[in-house]
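First up is the structure itself, then whatever we jot down about it.
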């Protein structure tokens, strides 16, 4: 963590092997809440399918009431404990590495990055899908393809300009995206009939689509952990931000669903992507319809920005602990990981040709595998490192922590079991690719085909700004998962291993 005064990052000297000094943490509470909100939700756009797949309002309303209790809250609690214990960019990659070693840490990073890039490929497409209702030209390939490229390039540039811009934009976009639904909820009150909320036709229930919709709209609580190194006072800010985001996400789903399903007699088959615009027109008029359409389009931009930030800083974090070449850790003058951003943007462009449902099921499956590993790491670290410095700790003993992870793990397995054969094939290929890439990267490091950061490189930057970190009330925590994870096999016997003491002070042994 270093100085970013006037948004300029001080570059390190040659003795630091070209490693950029880290920028001062720039994310405060409100921008972090907004980024988590966009990582997970972005508003009620897309939840319409849950009414259709659930055969009516009842299962949709129950889902967004019950699923957060058994899924969102446990994942948020686990994220809060581990993100504050390892306040480094890279997030869950470091957690898994600390619990199970660098091989599984790398696999986690690869799965989550691939899943995130697939997720991000949806948003420029969805943005144009909303616009084409008013501007049909974007339904034509000759206009659609250049528009997709232009949107991706513009949003990538905004990401490059810094997290302070991304965080501020997320706050403004969240306010604009949610306000029309507050208005719609107020206007719907006189028209609401409670009996409409309990309507359900089990013959129309499509369980696979229902669970995928619930899962997609309520996952990614852990993504913001990859930005932990950019958060001011993460031990206090992260838990508060996660709690705030959980409340915001659940309300952003339930209020529009209660308003729409309670005030209209619409058949459940009409509830598909974009139907909230029609609901707005029926409740408030054409002006509300246009407002909701504009909010939906802009919400996709916020989703893109938040996802790209997390994906890029995850690659930066993996580079800082030696899992990727040092080029991924290089920062721009704005403190952003330039190469990592470009790598994520390239992945988005290549994946944007896939259909919405294909991307949704593929990324859900990869995300489910990664989350099972995270829950396992949470339990393993409770057993392996009971004295780990945990600024925030889930108020449960080890057995209680295990029970906390059971309901979401069951949901994860259920989502995976409902996947199609094609999803098993595609995600299986991604998993195999990750297994192949790990030894290839180790070989490249041993042969010095690329420069990888060592613990000396990272610690040199940390020492240069140690006084500044202490002024911010932050303590540098070193762990075997955070230094030279991909060390040469020939030097493994002499590699320094660090343990975390209860006081958070690192000791070499």
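FYI, residue positions are counted from 1 along the chain as it appears here.
Here the Cβ of each residue, glycine as well, is placed from N, Cα and C on the backbone.
According to TrEMBL, the feature transmembrane segment maps to 27-47 (among others).
The transmembrane segment annotation in TrEMBL covers 54-73 (among others). Beyond the transmembrane segment (54-73), the same-chain residues lying 6 or more positions past its ends with a Cβ under 8 Å from any Cβ of the stretch are 40, 47, 196-206, 210, 214-215, 217-219, 221, 246, 249-250, 253-254, 257-258, 261-262, 268, 407-408, 411.
Annotation comment: TrEMBL describes 166-187 (among others) as transmembrane segment.
If you look up TrEMBL, you'll see 241-262 (among others) marked as transmembrane segment.
The feature transmembrane segment is assigned by TrEMBL to 334-356 (among others).
For 362-379 (among others), the entry in TrEMBL reads transmembrane segment. Beyond its flanks by at least six residues, the transmembrane segment (362-379) meets 75, 78, 81-82, 92, 95-96, 98-100, 104, 107-108, 111-112, 114-116, 118-119, 212, 215-216, 219-220, 222, 354, 398, 401-402, 405, 408-409, 412-413, 415-416, 419, 423-424, 426-427, 430-431 of its own chain at Cβ-Cβ distances under 8 Å.
Marked as transmembrane segment by TrEMBL: 399-418 (among others).
TrEMBL lists 424-442 (among others) with the feature transmembrane segment.
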Field: Long-range environment of the transmembrane segment (166-187) - Cβ separation under 8 angstroms, sequence gap at least 6
entry: 26-28, 30-32, 34-35, 37-38, 42-45, 158-159, 248, 252, 255-256, 258-260, 276, 279-280, 283-284, 288, 291-292, 294-296, 298-299, 301-302, 305-306, 309
